[in-house]
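Right, one structure below, let's go through it.
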Amino acid sequence: MEPLFLAIVLAGVAGLSMPLGAWLATLKDEPEPINHAITAFGGGALVSAVALVLVPDGAEHLPGWLSCLLLLLGGLVFFIVDKAVSKSGGAGALLLAMLLDYLPEAAALGAMIVIDRATAWVLAAIIFLQNLPEGYSAFREILASHTVPKKRGFALFIALALIGPVCAVIGLTTLADQRALLGGIMIFAAGGILYLVFQDVAPSISGEGEARPALGAVAGFALGLAGHLAAG
């Protein structure tokens, strides 16, 4: 299969789990502990993406001081963005975190098709599985805010999923030979994800007297670890 076509297909299929997760969120109202557990699972998957993919792969091609600076800068920028979203009355923290995970990983996926095609297939599967609970939780957050109609929100998730193949093509055609630039993007995104996870995701998963949903975060991280180990 031609690399360009493969990049579009793999990133597109991986991204479709976002609207799939959104659709699952519309089926019925689950008990709060289940919703918390699913949100925690997505949070664990996000942390695993930071710890196992974005930071180590990104820092590999950057000086140590620049990696640290970009990580801090990513957190600072998305602190500012999160505050702006909150002041406007929107509910987009989980959506921002999901995109910060998906888009740089899609770019890395495109680059990986040139570098190591077998790993690219594994990475696509990891992205798909991570996006499913993240899409579920992000869409529930949007529905709960009553700021976006359900149909418009679902159309938004489909449109966002289509950005992934664009990022994969950029990764394939441009970033495969610019590993430092790709690494910088990944580290910056990792900083934003860390801020959003601990600012917005983690505080939302534990109901009063209910600690078990937090085990979902462990399961989400385990998913990322399994994929990382499978990729070698």
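Don't overthink the numbers, they just go from 1 along the chain as shown.
Cβ atoms are placed via backbone N, Cα and C, with glycine included.
According to TrEMBL, the protein carries these features:
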type	residues	note
TRANSMEM	34-55	transmembrane segment
TRANSMEM	62-81	transmembrane segment
TRANSMEM	153-175	transmembrane segment
TRANSMEM	181-202	transmembrane segment
TRANSMEM	214-231	transmembrane segment
Most Cβ pairs under 8 Å with the transmembrane segment (214-231), selected from 34-55, 62-81, 153-175, 181-202: 34-55
Proximity verdict for the transmembrane segment (34-55) and the transmembrane segment (181-202), three or more C-beta pairs under 8 Å: yes
Other parts of the chain folded back onto the transmembrane segment (153-175), taken as Cβ under 8 Å at six or more residues beyond its ends: 3-4, 7-8, 10-12, 14-16, 18-19, 22-23, 26, 95, 99, 102-104, 106-114, 135, 139, 142-143, 181-182, 185
